[in-house]
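Have a look at the structure below before the remarks.
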Amino acid sequence: MAVPHFSVSVVARGSGRSAVLSAAYRHCARMDYEREARTIDYRAKQGLLHEEFVIPAESPEWLRSMIADRSVASASEAFWNKVEDFEKRSDAQLAKDVTIALPIELTTEQNIVLVRDFVERHVTAKGMVADWVYHDAPGNPHVHLMTTLRPLTADGFGAKKLAVVGPDGNSLRNDAGKIVYELWAGSLDDFNAFRDGWFACQNRHLALAGLDIRIDGRSFEKQGIELTPTIHLGVGTKAIERKATTDDQAVSLERLELQEEKRAENARRIQRRPEIVLDLITREKSVFDERDVAKILHRYIDDPGVFHSLMARILQSPKTLRLERERIAFATGIRAPAKYTTRELIRLEAEMGSRAIWLSRRSSHGVRKEVLEAAFSRHSRLSDEQKTAIEHVAGAERIAAVIGRAGAGKTTMMKAAREAWEAAGYRVVGGALAGKAAEGLEKEAGIASRTLSSWELRWNEGRKQLDDKTIFVLDEAGMVSSRQMALFVETATKAGAKLVLVGDPEQLQPIEAGAAFRAIADRIGYAELETIYRQREQWMCDASLDLARGNVGKVVDTYRANGRMMRSELKAEAVQNLIADWDRDYDPTKTTLILAHLRRDVRMLNQMARAKLVERGIVDAGFSFKAEDGNRRFAPGDQIVFLKNEGALGVKNGMRGKVVEAAQNRIVAEIGEVEHRRQVMVESRFYNNLDHGYATTIHKSQGATVDRVKVLASLSLDRHLTYVAMTRHREDLGVYYGARSFAKSGGLIQILSQKNSKETTLDYEKATFYRQALRFAEARGMHLVNVARTIARDRLEWTVRQKQKLADLTQRLVAIGARFGLAVGAKTTNSQNLKETRPMVAGIATFPKSMEQAVADRLEVDPGLKKQWEDVSTRFHLVYTQPEVAFKAVNVDAMLKDETVAKSALSNMANQPESYGSLKGKTGLLASRADKQDRERAERNVPALAQSLSDYMRQRSRAEQCYQADELAVRRKVAIEIPALSPGARQTLERVRDAIDRNDLPAALEFALADRQVKAELEGFARAVTERFGERAFLPLAAKDTNGETFKTITAGMNPGPKAEVQSAWNTMRTVQQLNAHERTIEALKQAETLRQTKSQGLSLK
C-alpha cells in the first residue's frame, strides 16, 4: 500500500476554486465554463485511466435527460455548470472533493470494482451524485471523487441545511426553542463514518482478492502506536560528557580525534555519493567553477588520487551542467575557468517561475473597492502612484510584486495596504532575509514579521502555518536565493495564501544576485514607485498610472492622439523611421535611449544610430577596443553600456556611461548622475565587457530613467514589457511599429495588452531543458551566445561519444559472448502474422548505469587492481621528480583505450623515460652523492615501472573482460520476459493454487497434466521464471508473499513500473514453481524407487 490516504475538501468560490475547473482537470478534458464564458482545456494532462459519472437510482427527470447520450466528461461538464449557475454567492460552496489512494496490490480492474462498490454503498445510496476518475500515477494509483452538497429536487437543487427530525416526527428544537438544522452533505461524524466505510470496503476487496492485508486508516495514536521523537546523541555530545572526567589536555586531544573522525566519515560519504559536494556548493551559489569544488573537497579529502578522481566525477556527473567552457580571453590572455550549475537548480527555478505564473492567474484575495477607498481616506497624503501600487498588490491575484527605491514611499504604501487587507478579513504577516529588515517591516508598516529562516523553522514544527486567509509580504526579495524563494512560493501555493514580493529596482538588473526575484518579476509584472514622477507632462503621468493598472488600450490611444505612436507598414520601415527621428532629435545635453525586446534588433539599432552620429561628425570613427563580443570603436561622446559587474571600477551590469576620452583599447567614461557623477578609466586588458549603449533591451532598462526614449515594438512584447518600455522617459516617448505584422497577429493593442506572452509556452512539465538553462543563465547576466554554444557543443560531443562507445561496446560484448559460449543468433519473424501480447512481467532493457559505468564501478573497487596500482604509483614517485606531471604526460587513459599506443608508450618509457619528465636526482661532477644515489635508484626503477604499468594494464584488461561478461549475463537474465498466460492456463493455475492451499498436491499435478497444450504453456512459463529468477526463487517461506525479504531482494533497484509487474505476478510465479518442485520430487521418488527395485532384483538373483 502506497499510502492509506483519504482526504476531503470543499470546492468553494471563496478559495478561488470552481467545480467546472476541478472537473475538467480531473477528467483531463476540455470544458466550457459558462459562468465566466471561457473554455478550460486539460486534454494535454496525462494519467486518466477510467472515469464514471454516477447518479442516484431515484434521480429527477431533468438530470437523466441532461446526461443522456453524453460522454462521461460531457455529463460532468453539463452538471457542474448547472451547479455553478444555481449557486449565486461569491463564496458559495460547490462540491465535496475526495481524494483516495488505491491499493497497489489490486489490479486496475479490481480497483475499479472496489470504487464502484464504495460509491454505490456510501454516495449514491444517500442521494448524492458521484463524479469520479481513476488516475494511474506511477506507484500512486488514486481516485478523485466529486459529490454534491445539495439534495436533488424535481426542478433543481434543495437546501444545504435540513431540519433535524426528532423521535416524534417533528422538527427538533434546542433549549431556546429554535429549530436545529444539520448539513445535508454530512457533519464531522458523518465524515468519520464515510472514511471508515472506505477502509472497510477496501479491506473486503483485498480479502476477496486473496490478499492477507488489512489497511487501518486511523491515526497512530488511535491505533495505540506510541511514536515519540528520539534524541540522537552524536559523538560530539559524548565527547562533551567525557570531558568532565578528563584533564584539559585529554579533552583537547579528544576533540581533535573527533574532528578527524568527522572528516574521515565525510570523506567516505563523498566518495560514495560525490553529488553531496554539489549540494553544499549550490546552497551558497548557483553558478560555480572547479575552484569551488576543490575548496569543498579540500576540507575532507587528503589523498591526491581520490581528490582528482572526485573532481572528475563531480564535474562530469549527470547532475552537473556546464554553462561556459574554460577559455583563454583573447584580449587579456587570462584563462577563465569553466562555469557550471546543476540541473536541479535550473529545474527548481523553472518550476518556481511556473508556480508564480499559476498564482498570478488565480483570483481569490481581492479587496473590494470601498475597502480600498476607506484606506485611502485614512492616508490622505498617499500619492496617485502609491494608490496605484496599493491597488496592484490588493488585486485578486495570489502573487504580486512592487518595486521602489529606499525613501520612495514603500513603507507608507505597505502600511495602507495592510490596513486594507485586514479590513477585508485577511491576516497579514511578513518576512525578510535579515532580522533588521524584518524588524523594520513590523515597526514601520505594522506587519508582524520574522526572518525567513524563522518562518521555515516554525512551519517545519507545524506552527504559524499559512492558510487561504493569509497575505505574506516578503521584503528585500532580491536578496533571496532561488532555493529559498522557491520554498516560499511553493508554501504559499499549497497553503492557498497570497505572496507579495517587495524589492529594489537595482535588483531587477541581470546580475549574479537576485535571479529568483527577477525570474518572478519578469513573469508576473510589478508596480513601481519613484520619489519623483519620471514624466514631466501630466498626461504622460496619467498614462503611466494607466499602464500600471493594465489599461494598455487607453494608453495607446492617448499616445496616438498626441502623435507618439509612429505607424509604418513594415517593421524595416519602422526601424528606418525610428533612426531618422532619433537622429533629428539627438541632443548631446539630453540622455536618450532606444529600446527593443530582441537582441538582434538592439545590435542593429546600435550600429545604425552610431553610424548616423559619425555621418554628422558628432562623434569620430574612434579607436578600436577589443571587447569580449568582438572589436568595437569608441570615441569621445559615445554612449556605452557596461555588461559585467566589476568592483574595482565600481560598475555594474547594465550601467550606462558616456565616453569622454578614447585611445586604442582604452577609454575614460563618465558614469552616474548629478552629485554621484564620476569618471572611470577602462582598459581592454583588464575589463572588456563593453558595448555601445544607444540601444538596449527592455529588460536591461528596468529601473532606468532617461530624458527621451524611442521604442521599437515587436510581436514578442506583452503587458509587463510594454509598461517598462513606456515608462522610462522624463520628457518624450515615441513608439515605432510595423502595422502589417501586428494586424496579422490580432492588432497592436491586443499584442501589447497580452499577459505573460513570453511565458505562454512555459509549462514546467513540458518545457525543454535547453530553454530553461538559457533563461537561468540570462537571469544571471551571462553571455547567452557562449552559454548556448557550450551546451550545444557538450551535447554533440556527448552524443558522438555515446555512439562510439556503443559501437566499441557491441564489438567487445560479441567477442566476450563468443568466448563464454553466449553466441547471439538472429531470429526472423513475420511481423504481420505475429500477434503482440503484453508479457506478464516485461524484460528490463534500460539500466540506471551504462555497461561501461557498471564495469568501471567494479574495476574501481577491485582489490587486486588497487594493490597493483599502488605499485605503479610508488614506481612513479621513485623515478620522477614530479610524478603527477609525468603520469599526465604518459597518458594512461589513452594507453588503456588503444593497445598500439600502450605498446609505444611502454617502449618509450623503458628506453627514454626522460621524455615524460625529469628523473629524480642528478648526474655529473657537480651532483652530490645523494643526488647521484637518487638518480641510480630512479634508473633502476625505470624497467620496474614499465613492467608494473604493463602488469596493471594486463590485469585490468582481464578483470574488465570478466566484469563485462558478468554484467552481460546479468543484463541478459533480467531482459527475459515472463510471458502472459492464456485464459485456460490461468484457470488451471488457479485450480492448482487452490489444491496447494488444501495441501492436495497430487490433485494440483493432475490439473496441470490434464491438458497437453496448457501443460506445454506452463512448462514454458516455468522455464522463463527459472531463467530469470532462479529455480527455487519463490519456494522459501520468505517468498510466501510480497511482504517478505525475497520480494525485496528480487525487486531491489527496480523502477516502480517493473516492481509493480513482479508484485502483480508474484502468486502466479510462486504457484508454478511450487508445481515444478512437486513434479521434481515425484520424479526423484520414482527414480529412487526404480533404483531400489533394480538393486533388489540384483540381490535376489544372487
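Counting begins at 1 with the first residue displayed.
Quick reminder: no glycine exception, Cβ is built from N, Cα and C everywhere.
Quick look at what Swiss-Prot lists:
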- Gly404, Arg405, Ala406, Gly407, Ala408, Gly409, Lys410, Thr411: ATP binding site (BINDING)
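By neighbour count, meaning other C-beta atoms within 10 Å, the densest spot among the binding-site residues Gly404, Gly409 is Gly404. The secondary structure of Thr411 (ATP binding site), as reduced to three states from DSSP, is helical. For Thr411 (ATP binding site), the count of additional Cβ atoms within 10 Å of its Cβ stands at 20 [all protein chains shown]. Residues within less than 8 Å, Cβ to Cβ, of Lys410 (ATP binding site) and separated from it by at least 6 positions along the same chain comprise Val402, Gly404, Val502, Leu529.
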